[in-house]
Amino acid sequence: MVKSHIGSWILVLFVAMWSDVGLCKKRPKPGGGWNTGGSRYPGQGSPGGNRYPPQGGGGWGQPHGGGWGQPHGGGWGQPHGGGWGQPHGGGGWGQGGTHSQWNKPSKPKTNMKHVAGAAAAGAVVGGLGGYMLGSAMSRPLIHFGNDYEDRYYRENMYRYPNQVYYRPVDQYNNQNTFVHDCVNITVKQHTVTTTTKGENFTETDIKMMERVVEQMCITQYQRESEAYYQRGASVILFSSPPVILLISFLIFLIVG
């Protein structure tokens, strides 16, 4: 009795294994496949509609009949039938055929106006014996003590300079010498430059110009002095023994 049961189970297992091998050896019929009665992948002839509707009959992900990832029938990654990476056919890698070269950035053109402007702002003026040109400032509102001069200044202030020439503050002993030199060179340079253009200055213009430039030179001195002391403080801080020791220890930890 036991032997008959064992024989029955062996027969059932044998039939099941044989059926499984037979199913594995069968080839899939054309048009049949996973979850559909059509192709192997979804989206190619599914009776219930495509999840990703095709655009011209190709493999999965082929909107126009090319290989995988070929929207217009080229090789892999060829959207319009050229070589790999050719968007519109023809040419070697990175060549766009009828279009410009693909993914090749154009060479930037140098703007000479920007170069000249960057060189002029804060640069050393060689023709003025090493003076530097400060940044542009708003012309100060100054009262000269009478209505005529106040009105004259408001009407002609655009003719006066809005930048000053100066040397580094460490070349002067105090603010007065800096301002005196700054006023002289700025007024002289502006007067000469403007006169060559056919415009003359009266004594009133020179008087007002000196007052305006003096205020701007004081402002320039304050800016330069603050920047100079900040640079000096940074140098002193990083040159102190505790800071040097700390930096050396950190470098040792990073390298080690």
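Each Cβ is built from the backbone N, Cα and C atoms, and glycine gets one as well.
According to Swiss-Prot, the region 'Interaction with GRB2, ERI3 and SYN1' annotation covers 25-233, on the basis of similarity to another entry. Residues or ranges marked as region 'Disordered' by Swiss-Prot: 28-110. The feature region '5 X 8 AA tandem repeats of P-H-G-G-G-W-G-Q' is assigned by Swiss-Prot to 54-95. Residues or ranges marked as compositional bias 'Gly residues' in Swiss-Prot: 55-97. The annotation repeat '2' is assigned in Swiss-Prot to 63-70. Taken from Swiss-Prot, the feature Cu(2+) 1 binding site covers HIS64, GLY65, GLY66, and the record attributes it to similarity to another entry. As annotated by Swiss-Prot, repeat '3' applies to 71-78. Here Swiss-Prot flags HIS72, GLY73, GLY74 as Cu(2+) 2 binding site. Sequence annotations record features per position, and here Swiss-Prot assigns repeat '5' to 87-95. Feature annotation from Swiss-Prot assigns disulfide bond to CYS182-CYS217; the stated evidence is experimental evidence. Annotated N-linked glycosylation site per Swiss-Prot: ASN184, ASN200, in sequence order, evidence recorded as sequence analysis.
All features noted in Swiss-Prot, drawn onto the structure.
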residue: CYS182; record: disulfide bond; CB count, 10 Å: 24
residue: ASN184; record: N-linked glycosylation site; CB count, 10 Å: 14
residue: ASN200; record: N-linked glycosylation site; CB count, 10 Å: 8
residue: CYS217; record: disulfide bond; CB count, 10 Å: 24
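Nearest to ASN200 (N-linked glycosylation site) in space, judged by Cα atoms and limited to the recorded positions CYS182, ASN184, CYS217, is ASN184.
A Cα-Cα distance of 10 Å separates CYS217 (disulfide bond) from ASN184 (N-linked glycosylation site).
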